[in-house]
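To start, the structure itself, in structure tokens.
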Amino acid sequence: MSATVDNTEANASPPKEFTLRSTIALIGAFMALFCTLGFQNAFGVFQAFYHATILRDHSEFDIAWIGSLLTFMIFFFAAPAGVLVDRVGPTHSLTRHLQPLLTFGAIATILATFMISLCKELYQFLLAQGILLGIGNAFLLCPAMATVTRLFDHHRGAANGIMIAGSSIGGIIWPIMLDQLLNKDGVSFGWTFRIVGFVVLPLCLFMVATIRPAPKTPHDSDREGIELSHGESESDHKAQGAEGPAAIIKNPTFLILCAGLSVATFGLFSPLFFISTYATDQGLSVSLAFYLVSMLNGASMVGRVSTGFLADRYGNFNLCFLTIASSGLIAMCWTKATNTVGIIFFALAYGYTSGVSPSDLKKNPPGPNTAVAGHVQSPNPVCRPALDARVEGGCRRHSLCRASNSVSIVLFSRIARSCRLTHSYSGLVGTPISGRLLKHGYLALSMYSGAALLAGAGLVLIARLRQNTKLMAKV
């Protein structure tokens, strides 16, 4: 019987993945990250603009809560959004063309964008740009990323790379667009955000129309039948599949890794949020300060690609530790950049190291904290593959469990939700702490950011040594 199964699996040719339908869905997912994480990555522009104009009576600490709340809501609501994706599917239809999860996310995102254009007070920005936009973004991201994961298997690395690029490209384009509108064309803040809303509106309509799961094929049915033909009940397979996630949640190495990445998140966003205000304080023009955010995000995209190849050669844990530690050291050198060339170099260097993400996602599938992929939602994805085998051991025999393991790439497993929640709290309080420290100068801010990253790197190093104590080993 086993020989028959093996022959059947060997002879079964995988279906073509880059079809017209799947390619259009991939473009829709790219747009989802462009409009959500790409826009979030541009918050440094708003930090500087709000402090200089609309919210000039408020401190950097107060204004930083807007971006921190946005980050928190995206991470926090990834958990319930993930549960709904697990239960009803990423684009489950009440009617043929109604896709409630994506539709809710699109409506909330568009509504928040237009509501921001009416904001005058800090609490209004917190409600619109912090809470409502964050919730909408979470419900756009999760279905989009889940759909790509389910559409692509053999070419998942390329598909995820294209999708994730949307966040970096958004982080480059949005600051340039905002600078052109606010600083050069003299468009009012209200109309600037209305223009942003009119840009996001057709993109959201495109997402809702195109992000659809692949129809079930005979290949899928045959494979599921093969996997359930060993004489064991489906409940037995589910019980075996549950052992993997339960085991890794109790794994000390995984817990130390999550702790390290959460600690690093406290300082991770500080340069991204405050580099524009730092540049203007050093005498750089407002336009160049806006462009620094684009430069930082552009460098993060380069780092995301190149470090993926290095991770394949030298090991995932090793690169994870080195990039977090490098980010911490660069952050501590922040205030040594006092002229135009130095500040640009700092933005490029920090963007490169903090934007690390695996490029070969097929060989090294991302783990619980892929972020949501945008800029620096933490370098942890490269560390997950070393732990994946422990999960897959209990899951590979059942298609439903194996699908659940794939969906963990976009935060929908119990492992992913628990680790993402810890990141949400770190992201919530980390940047406001940076804003509070600004009254003591940017040196205090840079030391805080660097210390948090180095402390997180230390915990990641402990997790790495638990995997293999040999310093030169590929882990």
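Cβ from N, Cα, C; glycine included.
Residues annotated as transmembrane segment in Swiss-Prot: 26-46, 65-85, 98-118, 125-145, 158-178, 189-209, 255-275, 283-303, 329-349, 443-463. Per Swiss-Prot, region 'Disordered' is recorded for 216-242. Summarising the annotation, Swiss-Prot assigns compositional bias 'Basic and acidic residues' to 217-240.
If one looks beyond the transmembrane segment (98-118) by at least 6 residues along the same chain, the residues whose Cβ comes under 8 Å of a Cβ in the stretch are 35-36, 81, 84-85, 88, 90-92, 124-125, 127-129, 132-133, 135-144, 189-194, 196-197, 200-201, 204-205, 207-208, 211-212.
Long-range contacts of the transmembrane segment (189-209) within the same chain: residues 27-29, 31-32, 34-35, 49, 53-54, 99, 102-103, 106, 109-110, 113-114, 116-118, 140, 144, 177-178, 181-182, each at least 6 residues beyond the stretch ends and with a Cβ under 8 Å from a Cβ of the stretch. Among the stretches 65-85, 125-145, 283-303, 329-349, the one making the largest number of Cβ pairs under 8 Å with the transmembrane segment (158-178) is 283-303. Contacts between the transmembrane segment (125-145) and the transmembrane segment (255-275): absent, as fewer than 3 C-beta pairs lie under 8 angstroms at sequence separation of six or more. Counting same-chain residues at least six beyond the ends of the transmembrane segment (283-303), those with a Cβ under 8 angstroms from any Cβ of the stretch are 38, 41-42, 44-45, 48, 52, 165, 168-173, 175-176, 178-179, 183-184, 271-272, 275-277, 323, 340, 343-344, 347-357, 375-376.
The listed stretches are 26-46, 65-85, 255-275; of these, 255-275 has the most Cβ pairs under 8 Å to the transmembrane segment (329-349).
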